[in-house]
Amino acid sequence: MQPEPKPSGAPRSSQFLPLWSKCPEGAGDAVMYASTECKAEVTPSQDGNRTFSYTLEDHTKQAFGIMNELRLSQQLCDVTLQVKYEDIPAAQFMAHKVVLASSSPVFKAMFTNGLREQGMEVVSIEGIHPKVMERLIEFAYTASISVGEKCVLHVMNGAVMYQIDSVVRACSDFLVQQLDPSNAIGIANFAEQIGCTELHQRAREYIYMHFGEVAKQEEFFNLSHCQLATLISRDDLNVRCESEVFHACIDWVKYDCPQRRFYVQALLRAVRCHALTPRFLQTQLQKCEILQADARCKDYLVQIFQELTLHKPTQAVPCRAPKVGRLIYTAGGYFRQSLSYLEAYNPSNGSWLRLADLQVPRSGLAGCVVGGLLYAVGGRNNSPDGNTDSSALDCYNPMTNQWSPCASLSVPRNRSGGGVIDGHIYAVGGSHGCIHHSSVERYEPDRDEWHLVAPMLTRRIGVGVAVLNRLLYAVGGFDGTNRLNSAECYYPERNEWRMITPMNTIRSGAGVCVLHSCIYAAGGYDGQDQLNSVERYDVETETWTFVASMKHRRSALGIAVHQGRIYVLGGYDGHTFLDSVECYDPDTDTWSEVTRLTSGRSGVGVAVTMEPCRKQIDQQNCTC
């Protein structure tokens, strides 16, 4: 082969003159020339000759446009698709095999793998509506499709049949945008039938997140008993309380009672009945006609009612937690003065979110969660202008990123404890000025009312509070004279307190929580030193046992349990307001530092609930 002659001077063709005249001399870097229609690249070859590559950028679009014109005018077509669907008259569409094969793996296999259709001029197609096939053929030529909501399911089904993934994704995205309580189950079932995993998952997630609304729709009542049992068994079902799930099951049975009454017992075992309140169970046992007609179901619920009211230890009921994630919230706190911060920590990625501030700065407050809502109870506003003990109860909604005021406590309570039984908040002890409370009051969110219950046997401020087996435990604190190691337990059915085994260590301002059916007391102040020791109470043996100590001494700390681990946040070590956050792993009996607060502080209110709505946060932070 003869080598290409080296160009000398300008090429003979004058149309290349602008290109060649701009080529720099010597063997340098590649030079790119581009226009709106094409681009050319000049590069040196190994033998010193220059070559160029030329690309017409819109050639493919133009070529397919011409092929579409040929299709519409029935020129150069090499196949006719004869499409028959149910009782609809067959329709014929002329096309080019190469174009169909380029857009659909099914057509490619049909026309290239030696199948009988490869040599056929007329190919019969069944199982797809002619209008759908017409649109898919148009898409093969134009890369564009327009689908109305009434026929999107048919188009998506056809795109799945012919493996046109881009159309499947477009239809899936459209259907996700159309999800609402009335159609989510139908879309989920359709996606499962055609094997569209992503759409099926998105529709199921919508059902879980909007269960309360979905359970009122016709599609819900058309579920089979197996489908319903599977649905209500989900941990990520988003409900305010388990009674929503119970009512949904009873309503489903009532929809066709003669046929469905046989499934009541199986459904009740999928409901987390131990998460129902005794009062609710008692009402249903007395008034629900479905239960009255089924002795086995009635006996089953009576047994659960007795276990709850007798406070028997039961297997831990898995918490319903939507997959939006659960974060550790810290409200208020103290550093030189009371703070109004509300922040949330995500242990899964170590990030912090700054959320809507408390309406009034507070420290020494309690944090509680009912129905996914975060409540800030009592506290004190320490400010340069003076100190004011608070009787306020404020409610934070993660979905709106907003606080709203609720009914006030009967008395101000600084450094009180808070716990939740049967959806009711208990505010325990605390102080108002020099008055140290033994009183306890209960808040009913549905009525927005506080009511006093039996007082503790001991006055306590800086008291740690925990709830286990529907019993309220008050641990340690300060009675106005002495720091305490005593602890007592409240029985709501009897409305009375009883002393339990005292702790091994005097602790005021300790962090108290429940993990794996044990009560943990971490840190605190014994009257001389801040503590880093931790002990736990076994309700079965009624004994306190030391576990591994924290890395830092701390009192007035925040504490929370998240995914089987204990987190302690901030506090005071006797010299410094801490910003450290430690995590306890019960499997290894070890503490580790995992993150830091955005600033040191003590006396924070801490609780765990769902992740806030990012859209609301972004909108409220927007200064546009």
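The backbone N, Cα and C atoms fix where each Cβ goes, glycine too.
Quick look at what Swiss-Prot lists:
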| type | residues | note |
| --- | --- | --- |
| DOMAIN | 184-286 | domain 'BACK' |
| MOD_RES | Cys38 | S-(2-succinyl)cysteine |
| MOD_RES | Cys151 | S-(2-succinyl)cysteine |
| MOD_RES | Cys151 | S-(2,3-dicarboxypropyl)cysteine |
| MOD_RES | Cys241 | S-(2-succinyl)cysteine |
| MOD_RES | Cys257 | S-(2,3-dicarboxypropyl)cysteine |
| MOD_RES | Cys273 | S-(2,3-dicarboxypropyl)cysteine |
| MOD_RES | Cys288 | S-(2-succinyl)cysteine |
| MOD_RES | Cys288 | S-(2,3-dicarboxypropyl)cysteine |
| MOD_RES | Cys319 | S-(2-succinyl)cysteine |
| MOD_RES | Cys434 | S-cGMP-cysteine |
| MOD_RES | Cys613 | S-(2-succinyl)cysteine |
| REPEAT | 327-372 | repeat 'Kelch 1' |
| REPEAT | 373-423 | repeat 'Kelch 2' |
| REPEAT | 424-470 | repeat 'Kelch 3' |
| REPEAT | 471-517 | repeat 'Kelch 4' |
| REPEAT | 519-564 | repeat 'Kelch 5' |
| REPEAT | 565-611 | repeat 'Kelch 6' |
| SITE | Cys151 | site 'Sensor for electrophilic agents' |
| SITE | Cys257 | site 'Sensor for electrophilic agents' |
| SITE | Cys273 | site 'Sensor for electrophilic agents' |
| SITE | Cys288 | site 'Sensor for electrophilic agents' |
| SITE | Cys434 | site 'Sensor for electrophilic agents' |
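Annotated features taken from Swiss-Prot, shown on the structure.
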{"residue": "Cys151", "record": "S-(2-succinyl)cysteine", "Cβ neighbours (10 Å)": "14"}
{"residue": "Cys241", "record": "S-(2-succinyl)cysteine", "Cβ neighbours (10 Å)": "17"}
{"residue": "Cys257", "record": "S-(2,3-dicarboxypropyl)cysteine", "Cβ neighbours (10 Å)": "12"}
{"residue": "Cys273", "record": "S-(2,3-dicarboxypropyl)cysteine", "Cβ neighbours (10 Å)": "21"}
{"residue": "Cys288", "record": "S-(2-succinyl)cysteine", "Cβ neighbours (10 Å)": "19"}
{"residue": "Cys319", "record": "S-(2-succinyl)cysteine", "Cβ neighbours (10 Å)": "10"}
{"residue": "Cys434", "record": "S-cGMP-cysteine", "Cβ neighbours (10 Å)": "6"}
{"residue": "Cys613", "record": "S-(2-succinyl)cysteine", "Cβ neighbours (10 Å)": "15"}
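The modified residues shown are Cys151, Cys273, Cys288; of these, the one with its CA atom nearest the CA of Cys319 (S-(2-succinyl)cysteine) is Cys273. Closest to Cys273 (S-(2,3-dicarboxypropyl)cysteine) in space, going by CA atoms and restricting to the modified residues Cys241, Cys257, Cys288, Cys434, Cys613, is Cys241.
Cα-Cα distance from Cys241 (S-(2-succinyl)cysteine) to the residue listed as 'S-cGMP-cysteine': 39 Å (rounded to the nearest whole number). Here Cys257 (S-(2,3-dicarboxypropyl)cysteine) is positioned 62 angstrom away from the residue listed as 'S-cGMP-cysteine', judged by their C-alpha atoms. Separating the Cα atoms of Cys288 (S-(2-succinyl)cysteine) and Cys257 (S-(2,3-dicarboxypropyl)cysteine) is a whole-number distance of 13 Å. Rounded to a whole number, the C-alpha distance linking Cys151 (S-(2-succinyl)cysteine) with Cys257 (S-(2,3-dicarboxypropyl)cysteine) is 35 angstrom. For the repeat 'Kelch 3' (424-470), DSSP puts the residue distribution at 0 helix, 25 strand, 22 coil. Recorded residues Cys613 (S-(2-succinyl)cysteine) and Cys257 (S-(2,3-dicarboxypropyl)cysteine) have their alpha carbons 39 Å apart, per Cα-Cα distance. Helix, strand and coil residue tallies for the repeat 'Kelch 1' (327-372), in that order: 0 helix, 24 strand, 22 coil [DSSP]. With DSSP classes pooled into helix, strand and coil, the tally for the repeat 'Kelch 5' (519-564) is 0 helix, 22 strand, 24 coil. According to its DSSP assignment, Cys257 (S-(2,3-dicarboxypropyl)cysteine) is helical.
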